[in-house]
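Features as listed in TrEMBL:
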- 876-889: compositional bias 'Basic and acidic residues' (COMPBIAS)
- 63-98: domain 'EF-hand' (DOMAIN)
- 876-899: region 'Disordered' (REGION)
- 396-437: repeat 'WD' (REPEAT)
- 484-525: repeat 'WD' (REPEAT)
- 532-569: repeat 'WD' (REPEAT)
- 627-667: repeat 'WD' (REPEAT)
- 784-817: repeat 'WD' (REPEAT)
Amino acid sequence: MRQRYRADPTGALYELKIEQMVSIRDLKQIKLAYDEFAKAGIYMLDYAEFQSVVKKCPGLKSVKDSQIQQLFMKIDYTGDGKIEWHEFCTYVYLENKEKEETVRRSKMAAFVLPAIVKSLNRGEPVLRIHLPPNGTVVTLREDGVVSFWTPKLYLKNKKNVFPERSIGRKPKWATDFVPMPDYNKLIIGTGSREIQFYELSTLEPCCQLSVLETVPLNLDYCSTGPDECIIVYGDTQGCVNILLMKSVREKLRLWKRLPQVDNMPNISIDHAVQSPEITFIRWKFHQDWVSKVKYFQSIPAIVSSSMHEDSALVIGSIHPSTYMQEQMREKTEVCGEGKSMKLAQRATSHQTVFTVPKGVTTFDFCKNRNLLVTGGMDTLLRMWMPYVPRKPTGILKGHTAPVSYLCIASEEGHIFSVSTDNTAKIWHIKDQTCLFTAHPKASQIQGELSACLYSSAVKGLYIATDSLALLSLQTKPQPKGSQIVSHKEPVLCCGYSEEFRQVVSCSEGSVVKVWDVETGAQVFEYGCAHGESAITCMAFDTSGRRLVTGGRDGCLRMWNFNNGQCVKILSRDGRCAEICDCAYLTLHRNAFVISVGWGRKIDIYLDSKDETQFNQRPKPSWQDDVRNGHKEDILCVAHCTPHLVATGSYDGEIIVWNVVSGRIQCRFQTPRSQQSSSAHVQNKSVLSLIFLKTRAFVPELSSSAWLVSSGSQGYVNFWSVLNGGKFVTSFQASPLQQQIMKLALTQDDSMLFTANHVGFIYVYKVKKYALGPEQNPPEKVNFWRAHISSITSLKIIDKDQFLLTSSMDCSVRLWSVHGELIGTFGQEESWSINAPSSWKHPAVPYEILIDPLSMPSHQILDNEISLSDVLNSEKTENVNSELDAHTDETDPPSILNDKDIEDGTNDSWCLSEPGRRQRHAIFKHVNRTGLKDYNTLKDSDLIVTPATCKRPDLSLRKIDSFISNDAEE
């Protein structure tokens, strides 16, 4: 970024913040300047003094005055007009700390705990785990039992490949195995100095190579060309044995016809190598047993390891053109049996030897990252440059027992390691840090470790002990197709700070992001704002420098959102109910924060500089609120200057309050929809309220509507709030009876923007609407689809020029007020808000373009078809017959009341008494988030369980099917 700045210092798109340009030298210069002011008794600098100090710093002489002013306002979030040295340091420190935390979160990896554990029958330990391309997990025990498992560890089949022996003969035992997927074979090494070949699918014997010089301890296989392969094994004498085969299919077919030994066609290694298609090389370097051997075709080379320190790991080239050339010399050793054998030894120029204290038990190599990693008895993981054995490039410390297994996952940028105490770790390659540790108590993996395997296809680590376990990686939700997202989780609210010209968005994952509205670039981010709880609402103070957020944890938090500093926590004593909405208001010289939610009461907090407590409690509740307030959960709140506040609840009740007296000025009940059948129980919850402020307290408009609310079945209601209040008029703002989620008005109250729960925005002229009883609805001037899921925020910003929206589809978007898409926050391309040529318009987000609900309207569909028919593909197969047969009486009720449940009129919803409150919770969630987001319910939000039902077979799938039957639900 500094290079960009030097190349284009005046470029607005790449303009650096001062915080990114401050060096240690500049920081010392600022500290000395503060010390000079302190000598004169000045400990707090105003803007002019701070500007002069910054301008004198060597590295900051070229910064603009606007940049300095922005930094000053960010530090002075209270609006005092002066800042101290410690405030400057705190701001810079916290901003960089949160940036580090953001980077750490982006790299975070974890296992799902506890692991999936499948117990094994008593027997010999599992020697090795493999996952062939067919997706079946294959394990081999020492007694010859081969087992086939699904990736989730359901046993499919097992068989003992070793035949039973007569009494007195020692049983055969296996040492290792490796699949040959290209030839559908399985290679098994035995303690009888044999390499056996079996059919992979049936485990029927094929043939065996016998009379090997020593026992093959570990095997590896690789296909090197058409009908060519290499088989490598290490043995007890520290030798690496290489078997190069050509015409593999023909050789295996011929060997299968040979005479049998123990029901297995047999050929000795001496006879096999006499064929010109077979080349056998045996070379020795290790002075101890070979602990692991592997052929890497990407180099190509063979890597082997042992517990001998001076030859702990060896990399040797075995290119076919050098096998029998001058680079290799032969010597003859005489075995104890008196026969000679050929023992090849690499030329020193064709091998790289690594000396590692206490030897190497396991290793892995990655060509893409040019990285070799070793693990051993000293519990350390060492990272090496291949062919540079002098010194490791990094040492990873953390295991407390010898490392038994490791694997480099190049795509994820991780290293997975397992030690003999069953502790599994995930390491970040670039940072060389441990990201996650799965201790055996947490993973519930017990017993002696015998084999491991990490699979990038399964995204999991298999561990064999006395049982077989799978540690699955926690996967992050990925956007579908080409969808551009602003957050990784659904966005529940967003807002605009005019002071900094920044957009702030908050997600269900408790992450707050700050965006530059001029370019769409992300400026800052911090997480865990409300711990693990979702952020449900937000508001700015009057200066736009502080952010107030409310969460499902029942707390309000006040932030300096430019560096993630929490300056105050506002909450009740004890356990608090979910907060649904909040507002910041000023009354005379006092400022207040108001919150509403599932507690059914209005909480008011005084925001004063004299209030020094970090944890602040609300003021005593109004008496009218205690005695005559809402009987159901309060979902929204709206403020009208100077002293009116309106609240709307789940049961459709709206109460207008006088903030000065704390008394109820008027209350309303949302009317029934005119198009609704009397058999329907309507969803009348009030999800959004807004005041027509240009009409407020105007004497000649005293009988007109001041207040607008969202109603049932897509209606918008208008209310007069003076003289006891009354209902004025309403109109259907959303076709297909879709619930209105959010409302917004231009500054002159001439245009009303409405957003529904499937992502459409409708714009109406309301300047002269609802001045008295109306018969005709207002003129619809525009509509478009902004999101594919429920819209959670709708803000008109920057003097009615632009529209800001957020949605459960994880995106935050900026539009012109005419519906032209400027862009999605988080997209790769920057925009210039004042240059329409940089906007996305006339393009449409891809996911909106392909969504079925975005199809153009049709007269037949507009007149007759319902949303449930659109969502249910089976019902739309024959549109004409459906339109003729469709009646309201066939639809399930929109909302079930308590009487329906007590009577058990609907068999699928026969809930016992404990389930009644849960039934309310499901519809509150659906009404708040929209039908398409019903699947976002977490386990903690789960509505119905068999324990709370008279019907034990009732499941979430059945509920989901029932919910999707009707648009209202």
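Glycine residues also receive a Cβ, built from the backbone N, Cα and C atoms like all the rest.
On a predicted model such as this, the values are computed, not experimentally measured, just so you know.
Panel annotation: around the repeat 'WD' (532-569), residues 73-74, 76-79, 90-92, 94-95, 97-98, 489, 492-495, 497-500, 504, 506-510, 512, 514, 523-524, 526, 575-584, 586, 591, 593, 595, 597, 599, 605, 607, 614-616 of the same chain, lying at least six beyond its termini, place a Cβ under 8 Å from a Cβ of the stretch. Along the repeat 'WD' (784-817), the predicted structure has mean pLDDT 95.
Per-class residue totals from DSSP over the repeat 'WD' (532-569), listed helix then strand then coil: 0 helix, 21 strand, 17 coil.
Summarised by DSSP class, the composition of the repeat 'WD' (784-817) is 0 helix, 20 strand, 14 coil.
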